[in-house]
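Below: one structure, written as structure tokens.
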Amino acid sequence: MRKPTTANQLTEREKSRDSKKKMMKMIKGLTMVVFIGYLFLWVITPTYVFKQKWLVRVRAHTTSTYFGTQGPTMLLYTFPVLFMAVVGSVYLHLRKKANQNKDEGEKQATPDNLSIWRRPMIIKGLGIVSKIELAFFVMFIALIVWSFTTYLHVGFAKITQKSAAKKGEEVWESKLDSVALRFGLIGNLCLAFLFFPVTRGSSILSLFGLTSEASIKYHIWLGHIVMTLFTSHGVCYIIYWIVTKQTSEMVKWAKTDISNVAGELALVAGLVMWATTFPKIRRKMFEVFFYAHHLYIIFVVFFVFHVGIGYAFIMLPGFYLFMIDRFLRFLQSKGNVRLVSTRVLPCETLELNFSKSVGLQYTPTSIIFINVPSISKAQWHPFTITSSSNLEPEKLSVMIKSEGSWSRKLYQMLSSPNPIDRLDVCIEGPYGPISTNFLRHDTLVMVSGGSGITPFISIFRELVYTSETLKCKAPRILLISAFKDSSDLTMLELLLPSSGAPIEFSKLDLQIEAYVTRENQHAFSDKKSLTTVWFKPSPSDAPITPILGQNGWLWLGAIISSSFVVFLVSMGLITRFYIYPIDKNTNKVYSYGSRAALNMLLICVSIMATCCVGFWWNKKRNAMDSKQIQNMEGATPVSSPNTWFYNADRELESVPQQSLFQSTNLHFGERPDLKRILFEQKESSVGVLVCGPKKMRHEVANICSSGLASNLHFESISFSW
């Protein structure tokens, strides 16, 4: 039994928390200052004053025999981003510890001062965006327009009849050359931000309250802009070379200048990727899209060869962080994880239950990437986690709906009359928001369509833990779920965990409105029941553990900083004692291609070395701290004890199941009247979460943004199944 906390201990804890809060505010404030300065740098980059005065002074003071002319670029464009990533990691570590150290029952809601700016808007071509997102999007487009027009203004000012005649060109031909170059410069600006949204374990995204899954739309927007600009860059130069009779430039790979061949190869790789991203191709041929996207390696490598490593350091910071994240994911994916059991639902849906370490914490709506080598060694698919790391400390669950070819094969393997007794599974993750704040609402209205119920299962289980274990007041829950047929109703059974001690949610005000849209009445006779399949353990399997241990954010900051220091030291020594004696910082002797290859090699080696040290150190610690996995081999039950949707008049076997059944209203042959239901919610703060088809999400967003009910606070949740 835990000893009661004394007044002195409470005072010490309060002082400690206050000091941590002050430190966190200072760190976040410092990061914001650096971030604003970084954005300001991009604003002034195209100006004449920056290029001809400020940059000249910076280069005069920072160009050295150790880093050459690429030193100033690293200082201005690379260092600020990596600094934010490292400092952000420290901030996230402190925030995580502050959340973990809260006393039971102390968890409470925090106000959302930006609720007005989070209201949804539906913009054609962009989908559902908040006012904050729209504002940043408009500002980014303004930055692009400003940079392009400023570059043109500065460039055109130098073009005269005399200057064009010296090159044997017409004025318009010289201006076409200038426009082509400026398209490339603006494309590089967008490329600098392209890889931030797809860095799944990014401290920068988490620092700004974003997740990779929710930010993927920014990557899509930026990708379209980047390829539009780079395609314009390439097409304009091809036209310029043709009209000026310089077609030989197309096959030029200069030793100490721009390599046109490398740029063309990068552009071709980019165009192949771009062509597969359009919805019709991506949806019908997802595997083509998936494999084509691995051309990003060729794209980046030849881009660096094209522009030279000195200029490439402008865009490399985002890619540098992506490389660290990608290699850590590669290390994590090499081992098999312990798959304990699966629940097979009659609606062609699976719930996979994995063993996990108690120290692995994640928030509701987090996702995990799964690979089953027996189906495909190359394919990784994201799935939303349905379990709660607080309610189920030793188990992690995901729901998989049989929709695509990969998930259908998995369902067939596990639902056959003679299912396999063991399955090799590899994972990456989990990834999710750094925190959630559902407690700030009086009511949570969760609207789902089909398998869109998946993220709400984890939210429900987390609120059960909050109300039953922490004894906190949780918001009233109204779950509105629409299904095609009655077999899909078994998804609601996943609200309750599959095993362990029965959970209670008597303190939770729950109401479920389930709609079956394609049936007019409940059918019982030909429905199969839910079954549970148990798997044999293997000595090679391990529970899912944090990739960098309990202090993962600190380790990430250490890896980012130490890898970059290793690169700087090694590159500095090579430049000073090998390249400088040859080139003397003139950039006219030593090959651009050799310098770029050497830098890329050192970056890769530095990242791989430091990531391996951090990963294997924490893997060893996790192995020491993990409990022995108990053998769970046993007979496969023929049915589930909670299949009440197909036997409504049977005896209910537990209080939670009975409570869930009594909280559910079934509606057949109709769709939910979402406008009426939402407007009926009269509480002062109603959180509206929606996950499902695009039409449903847009309908709910329109209702919440109509201004007819100021108490509705909309949030669209992305999910993977």
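The backbone N, Cα and C atoms fix where each Cβ goes, and this holds for glycine too.
Taken from TrEMBL as is:
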DOMAIN    332-437  domain 'FAD-binding FR-type'
TRANSMEM  29-50  transmembrane segment
TRANSMEM  74-94  transmembrane segment
TRANSMEM  128-148  transmembrane segment
TRANSMEM  179-199  transmembrane segment
TRANSMEM  220-243  transmembrane segment
TRANSMEM  258-276  transmembrane segment
TRANSMEM  553-578  transmembrane segment
TRANSMEM  598-617  transmembrane segment
| remark: Outside the transmembrane segment (220-243), at least 6 residues beyond either end, the same-chain residues with a Cβ under 8 Å of its Cβ set are 126, 137, 144, 173, 176-177, 179-181, 183-184, 186-187, 190-191, 193-194, 197, 249-250, 260, 263-264, 266-267, 270-271, 273-274, 277
| field | Positions on the same chain near the transmembrane segment (29-50), where near means CB under 8 A and six or more residues out | value | 76-77, 80-81, 83-84, 87-88, 91, 143, 146-148, 150-151, 154, 185, 189, 192, 207
| field | Residues in the domain 'FAD-binding FR-type' (332-437) grouped by DSSP into helix, strand and remaining coil | value | 12 helix, 39 strand, 55 coil
